[in-house]
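For reference, the structure discussed in these notes is given below.
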Amino acid sequence: MSPVKAEDLVPHPVKEQFGGVDYCITSPPPWLTTVLVGFQHYLVMLGTTVLIATIIVPLMGGGHAEKAIVIQTILFLAGINTLLQVHFGTRLPAVMAGSYTYIYPAVAIILSPRYALFIDPLERFVYTMRSLQGALIIAGVFQAVIGFFGIWRVFIRFLTPLAAAPFVTLSGLGLFYFTFPGVAKCIEVGLPTLVLVVLFAEYAAHIFARGSFVFGRCSVLVTVVIVWIYAEILTAAGAYNERGPVTQFSCRTDRAGIIQGSPWVRFPYPFQWGYPIFCFQDCLAMMAASFASLIEGISIILDGMCGTLTGTAASV
């Protein structure tokens, strides 16, 4: 075996710009591109936020006003967490939005028999929200403890993309039970949305050279604009006037009730629904979801995954 030469031990040279990557850390995109792509990321995140509120708020006994408040609170806190993460955290170009991992324990807590004793839906919503607050506080403290004390380093040594990707895939496939039946309730709007996103992002960006920016980087934004105009035309033309209430609620653009139920200006504040309630079984379920979200977050970083088609369909 020939001896190793000194020049063979030279590490890979550091480059300011890599081939095939348009924008690196030291080469940010122009302001117009930044605004458009950032707004598109917001739309995808808005879809996931609305989906989370749509799943849990009706089960808690809340109406349109409560759903609007929950959506506003999640968006407000997502903005604060994103700013903190960008300036003081890992500084990754990601929006700190709500996680799907917490939906399953949240639904289990909401459907607990002890909340069936409340007759008033609003009282049940407030009490359930206070229990969720307490469970989430304990889950957050659990994440902070295992992060600050370095306990997560022991687990991260055994976590590879090969082990994390199936976990995240199964978590995402479990959401099909909530998302795709909702798309099927209005197939004339949901199916064109999925088809247009795939066509714009995977095919049109490569076929049309001048449209690579519009279809490649702004495929979600273009799809949302086209499908929303299409849905508004169907609503104004009376295409759903003779349909059932479920179809009208899912397809019409004037039946969501979120805009009518949300105040013009509102700033969320801590414990806006009252002081949190700490229950052992609720906290234990959220701690398990918190551990799962750690694996999900690391796997997203390792695999480079960002965004989902279900979030895009929900945003429309």
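Cβ coordinates come from backbone N, Cα and C, glycine included.
When TrEMBL is compared with the stretches 39-61, 292-314, the one noted as transmembrane segment is 39-61. Across 100-119, 131-152, 214-233, stretch 214-233 shows the highest tally of CB pairs under 8 A with the transmembrane segment (189-208). Residues 33, 36-37, 39-40, 43-44, 189, 192-193, 196-197, 200-201, 204-205, 208, 251, 253, 307, 312, 315-316 of the same chain, all 6+ positions outside the transmembrane segment (214-233), place their C-beta atoms under 8 angstroms from a C-beta of that stretch.
Between the transmembrane segment (39-61) and the transmembrane segment (100-119) there are 3 or more Cβ pairs closer than 8 Å, counting only residues 6 or more apart in sequence, so the two stretches are in contact.
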